[in-house]
Amino acid sequence: GKDINNNMEKAACATSSLVTQDDLQYHSLSKQQNESPQPLVGTGKKSPESLVKPDATPLSSPRHVRIKNWGSGMTFQDTLHHKAKGILTCRSKSCLGSIMTPKSLTRGPRDKPTPPDELLPQAIEFVNLSLEISVQDQIPPVCNDCQYYGSFKEAKIEEHLA
């Protein structure tokens, strides 16, 4: 099946890995050689085509990029990278082409510590919310105990004796 991004679903048991620059180089080499895949390093004589510099830029993108949805565990073969307008930020071990980090959701490191007049109200709000949630979680059991024992005091005495 396909999803809304034209990703083609692959078997869930297939192993997934990040696309590496080495994968892209291998693909561009095999494409140059009329789609006949050949190993980059042979066991015999090494031809100039089989030697690839690690920092060489690939001439073309692979037809499919394997993408894993870590939430569902499903693996897809994505083709949207063919429509990319810019060069993807790829290294030999990872590709950041599909990671979305909008500036509105990211913050850089602060130049200086948060001033106390800004930090104190945030801390007070955090503590109040924490206490409010904690108390709300305890209200039903306390009410049940009060109804069972007839009073809050008896409920607390029974709790300590148990």
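The count begins at 1 with the first shown residue.
Each Cβ is built from the backbone N, Cα and C atoms, and glycine gets one as well.
The Zn(2+) binding site annotation in Swiss-Prot covers C90, C95, and the record cites similarity to another entry as its basis.
What Swiss-Prot lists as (6R)-L-erythro-5,6,7,8-tetrahydrobiopterin binding site is S98.
What Swiss-Prot records for E132 is L-arginine binding site. The Cβ neighbour count for E132 (L-arginine binding site), using a 10 Å radius and every protein chain shown, is 10.
Sequence annotations record features per position, and here Swiss-Prot assigns FAD binding site to H160.
Annotation comment: Swiss-Prot describes 24-37 as compositional bias 'Polar residues'.
Per Swiss-Prot, region 'Disordered' is recorded for 24-65.
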DSSP-derived class (H/G/I helix, E/B strand, else coil) of E132 (L-arginine binding site): helix
